[in-house]
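Read through the structure below, which is laid out as structure tokens, and then see the notes.
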Amino acid sequence: MASLKVPANVPLPQEDAEQLHKAFAGWGTNEKLIISILAHRNSAQRSLIRSAYAATYNEDLLKALDKELSSDFERVVMLWTLDPAERDAFLAKESTKMFTKNNWVLVEIACTRSPLDLFKVKQAYQARYKKSLEEDVAQHTSGDLRKLLLPLVSTFRYEGDEVNMRLARSEAKLLHEKVSEKAFSDDDFIRILTTRSKAQLGATLNQYNNEYGNAINKNLKEDSDDEYLKLLRAVVTCLTYPEKHFEKVLRLAINRMGTDEWALTRVVSTRTEVDMERIKEEYQRRNSIPLHDAVAKDTSGDYEDMLVALLGHGDV
């Protein structure tokens, strides 16, 4: 995503850094001050604040936040404050660990980021963990899951709008054949999903729908408990209709016994500066309640305040 211009009415990064340092001073932490600053600064501004804080106080702002904050509030503030590529690298690393393993996160990062953004994530991953993302994905997955996830994180997709309709027709036919045979881990099936540009894949899946009377994801729902098929469906949705995927993640995170704070935090912190307006529209359409109202009903305290502020981000 291109850096946003810093509006004239926003305080200088140095001033924000000073205010944040004040928020940490004394006996208690001033969480409201932290929210009032960080929740209303774009990615470029947050990066400048971190630089100013490090230069003035000889400490990484993230370390200062880590010392001062806790629980879900800390997680959302920390994720939001990270540079987007650093944030995705952190989430990707977390998703390959034993106790926080989550293949859905890998699918989101591989399929909803631009090719250049994914490349930057892999650079950040290598710089931070001294290993490649591909290496960790290969090490922590096996079988069909590895066969799908490894090319997803490895490929640098073409990003243009050009579409080859002849290819779309032939690959729609090929996909239909593999679906009919239940050959969901077939090499060609995976190759089409993991290497074609989003424009080309969209044309192929439209052709599939028109030719065979069904969206491919409906045909992949026959065994709805199969984790590999669930991930395949998520790949298709993330590549073609990401707001639909993230609406579902949010709906499942909120509408359950006990909130899935990790999923809620992940979506809000990663999509606020990307496509949150479309996600909010999709959520309202699907659930007949504004997303910020649903979040406010399901969360509390500083965590609620930070999430609601981010959901209104850009309107302030």
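Any Cβ shown, glycine's included, is placed from N, Cα and C.
Remember, it's a predicted structure, so these values are computed and weren't measured experimentally.
For Phe24, Gly26, Gly28, Glu68, Ile254, Arg256, Gly258, Ala296, Thr299, Glu304, the entry in TrEMBL reads Ca(2+) 1 binding site. Counting every protein chain shown, 19 other Cβ atoms lie within 10 Å of the Cβ of Phe24 (Ca(2+) 1 binding site).
All protein chains shown were included, and the count of other CB atoms within 10 Å of the CB of Asp298 (Ca(2+) 3 binding site) stands at 18. The Ca(2+) 3 binding site annotation in TrEMBL covers Asp298.
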Task: Inter-residue Cα distance where the pair is Asp298 (Ca(2+) 3 binding site) and Ile254 (Ca(2+) 1 binding site), in Å - done: 7
Task: Rounded inter-Cα distance in Å - Phe24 (Ca(2+) 1 binding site), Asp298 (Ca(2+) 3 binding site) - done: 28
TODO: Any same-chain residues 6+ apart from Thr299 (Ca(2+) 1 binding site) with CB under 8 Å of its CB? Would you list them in sequence order, or say none?
DONE: Asp72, Thr259, Glu261, Leu264, Leu307
Task: All-chain count of other Cβ atoms within 10 Å of Ile254 (Ca(2+) 1 binding site) - done: 20
- [ ] Between the Cα atoms of Gly28 (Ca(2+) 1 binding site) and Asp298 (Ca(2+) 3 binding site), find the distance and write it as a whole number of Å.
- [x] 26
